[in-house]
Amino acid sequence: MTTTADVSVGARTGARARRAVAPARRRRRTLVVLGQLVGFAVLAMWCLFPMYWMIVSSLKGPSAILSNSLVPASPSLLNFETIFQGSHNLLYALRNSLIVAGTTTVIALIVGTLAAYAAARLPIKRRGLVMGIVLATSMFPHIAIVPPLFQLFTEWGWIDTYQALVLPYVSFGLPFAIWVLYSYFRQLPWELEQAAQVDGCTPLTAFARIVLPLAAPAVFTTAILVFIIAWNEFLMANTFSLTLASQPVTVAIARFTGGSELEQPFGPIMAAGVVVTIPLIIVVLIFQRKIIGGLTAGGLKG
Amino acid sequence: MSAATTTVARHSSRSSGLPQHQAERRLGRRLLLPTAILLTLMVGYPIVWALRLSLFSDSITGQTHLVGFDNYARALWGSDAVQFWAAVRDTALFTVAAGGLELVIGVAMALVMSHLGVFRGLVRAMILVPWAIPTAVAAVLWKWMLTPNGIVNELLGRQILWTGETTPARTAVVLIDVWKTAPFVGLLVLAGLQLIPKDLYESAKIDGAGAVRRFRSITLPLVAPAILVAMLFRVLDLMRMYDTPAILTNGANGTATLSLFTYEHAIDQAKFGYGSALSTLTFMLIFAAAFLIIRLCGVKVFASDREGSGG
């Protein structure tokens, strides 16, 4: 809401500029920079303060955790030691999340790249319908498949296994991957395959030798996005994982309770949150330009 | 040969007898097959299976029998009607409140970002931080910040029981979703903003249009399609909300969304029949909402495709 006020600051400076007296120009410049600084500060607070608070809280020991001081008086790594020892060691959950999200990404990307290429570049029938179905499967409520899958997975003995998470995750990540890669493949020049055909390539070799190498960066970006979707998923994980054998990090953090709700150990929980989130944020910051491109092409939320 | 390649290039749907064309068709079908199998098995089949399950009764002994539409009647006007419609109301409330706030704040953020000059690169990086944090982590983080003696109450100088009463609990759920998603909406709108040619603004300026006028006559109509698509996805995503209320309140104090309500019956109480009826109802409600939005607002989901550019 402060941001709207900020826009009107910009509008006012614009109005002043139109009165266009030369000496007023410098004052206008200062106002613009001031407005930019305020806008930047508001956005930075919005995006980073909760994250900052999570890190600060994770560094406060049991005696300091309730103090609300903006910097930990005497930083301690005790919370991090707590989460990496004992029967509920976070390493199990990290292992499970890595395996589940990694497998999901590999399957979704292989299957999705092929489908996206076919939908974007080959003369298939009812292209609109195919892409419509793909889009619809990415927006349906996941709860709709929870009761039937729970019954089926119980029957098959799949509860608390990796495949009970990987298969639903693939069906969530796949439509997203197809949609992003589809819009990428559509942008490539049509002469690519024509030239390949003139050189005697079959459609499949044209795809493998010419289009795929060109698409590698887009495939890589999509892989990061699908990995994040799988890493962050909670509903399926909360339903189908019971023990350390398959429980991913999201569920481990949400269930990290000391029994009664009032005594939830927030210090260790914040430490676990930091461990789970920081690697993700580093990856996102490194590839931010590409990720924003992929997100706006996909237009979907994970 | 050259005739064949032009046909391919134009992607004509006319069937062509040329072998090259037929080979491409066959390849297209084969490449789509794995996707079709996976989505049918993991989405199509479970949804149909839920329809079947929803017509059967639940019992502890495992002896179920066909009861027709009794499970649906129970939710819609039977013994559970009050809770079911409360869940519909709460879901609608969250969708409208969070969706509306995300739209307004997202557009504001996009406008600020487009005027940030040297700071733009920095902002683009940090705007992704709330989006990258898993919803489950965001929920426990805010739960911690919203504890009675937590940082939010301290900054506000108030003693609000955020998760203990109806209005604060609902506000908290909306707040968490808006915090996490408004920057994302801002990014999508910003992408739309950047497609607007700069000379449009220049000529409007020369014609004497003020900043407000330029925003209303150029910016809004031109980013409207991008905003509509973003809002369609937001509405559908908000209507299936589960993670945040599940972790923050577990559905207490007026925060039981349709997904949570369904989950409680289907999984916690292991009533697959009734739970499947609820999940089918949720599915149909969201489907109807998507249909209405696309029809009424004329959302062109495929617009970017027709223009041949997706960003």
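Each Cβ is built from the backbone N, Cα and C atoms, and glycine gets one as well.
The compositional bias 'Polar residues' annotation in TrEMBL covers B:1-19. The domain 'ABC transmembrane type-1' annotation in TrEMBL covers B:88-293. Feature annotation from TrEMBL assigns region 'Disordered' to B:1-22. Per TrEMBL, the feature transmembrane segment maps to B:31-51, B:92-113, B:125-145, B:178-196, B:217-236, B:272-294.
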Other parts of the chain folded back onto the transmembrane segment (B:125-145), taken as Cβ under 8 Å at six or more residues beyond its ends: 109, 113, 151-152, 163, 172, 175-176, 179-181, 183-184, 186-187, 243-244, 246-248
Contact yes or no, the transmembrane segment (B:92-113) and the transmembrane segment (B:272-294), 3+ Cβ pairs under 8 Å, gap 6+: no
Contact set, same chain, for the transmembrane segment (B:31-51): CB under 8 Å, 6 or more residues outside the stretch: 276, 279-280, 283
